[in-house]
Amino acid sequence: MKISPSILSADFANLQQGIELVEKNGVDYIHVDVMDGHFVPNITFGPNVLQAIRPVTKLPLDTHLMIENPEDYIDAFAEAGADIIGVHAEATPHIHRAIQMIKNKNVQAEVVINPGTSINSIYHILSMIDQILVMTVNPGFGGQSFIEESLDKIRQLADLRDEKGYHYDIEVDGGIVPETATRCKEAGADVFVAGSYIFGAEQPEKRIQLLKEAISE
Ligand SMILES: O=C(CO)[C@@H](O)[C@H](O)COP(=O)(O)O
């Protein structure tokens, strides 16, 4: 079980401080939400920001591209230091090629699906991927409520993994707090992204501890 705090909810003027705090408290990844103002109605970080935070942490940078034409930026994010790159199935007609491009850069390949997207659309790439991100809110903003219907998709993906012997981790993102994390874990999730729950708190270290307890029970 892994925790991946989303720096979307960190203090952008003190990103280094936020990252060091969560690293010190035993999280597993740093989740970087890249938004382009087209695929989602919000704009955040480009490869330059990723490159700037790369030396600040030893943790893998779990990079979630919420951008149109992700193929145009995969190399830039890989060269900036991303360890995992996630591309949305909805963002490109060539998701198979995008996954190949990520793997060719020796970066872990992730496919991401929105709450309204069925797993049928990614069925034929499941054998290739290292991680699948099941969005449990509509992407674009932190602080939204968990969408219950996502649990079915997590169960289906966990069953398929067992049945076919696939190796992917199942990551969940959006509205993750101890209670939703426990239910996602029971459904088969392995990696838990949390933004506002961790960085929106006065004592993020306590929140990390509570999340850890919720997913280890
Ligand atoms: O990708 C996204 C939003 O598009 C997420 O990573 C959010 O940052 C999660 O925020 P919380 O729901 O945990 O506040």
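Using N, Cα and C of the backbone, Cβ positions are placed for all residues, glycine too.
Where the annotation comes from TrEMBL, it is an automatic prediction and has not been curated.
According to TrEMBL, the residue from Ser6, Ser118 that belongs to the substrate site alongside His64, Gly140, Phe141, Gly142, Gly143, Asp173, Gly174, Gly175, Gly195, Ser196 is Ser6. Compared over the binding-site residues Gly142, Gly175, the count of CB atoms lying within 10 A of a residue's CB peaks at Gly175. In sequence order, His31, Val32, Asp33, Gly142, Asp173, Val193, Ala194, Gly195, Ile198, Phe199 are the residues near Ser6 (substrate binding site), counting only same-chain partners six or more apart with C-beta under 8 A. The Cβ of Gly140 (substrate binding site) lies under 8 Å from the Cβ of Met35, Val40, Pro41, Asn42, Met66, each of these being in the same chain and 6 or more residues away along the sequence.
The substrate-binding residues named in the record, Ser6, His64, Gly140, Phe141, Gly142, Gly143, Asp173, Gly174, Gly175, Gly195, Ser196, extend over a maximum Cα to Cα distance of 17 Å.
Neighbours of Ser196 (substrate binding site), defined as other CB atoms within 10 A of its CB across all chains, total 18. In the three-state DSSP assignment, the secondary structure recorded for Ser196 (substrate binding site) is helix.
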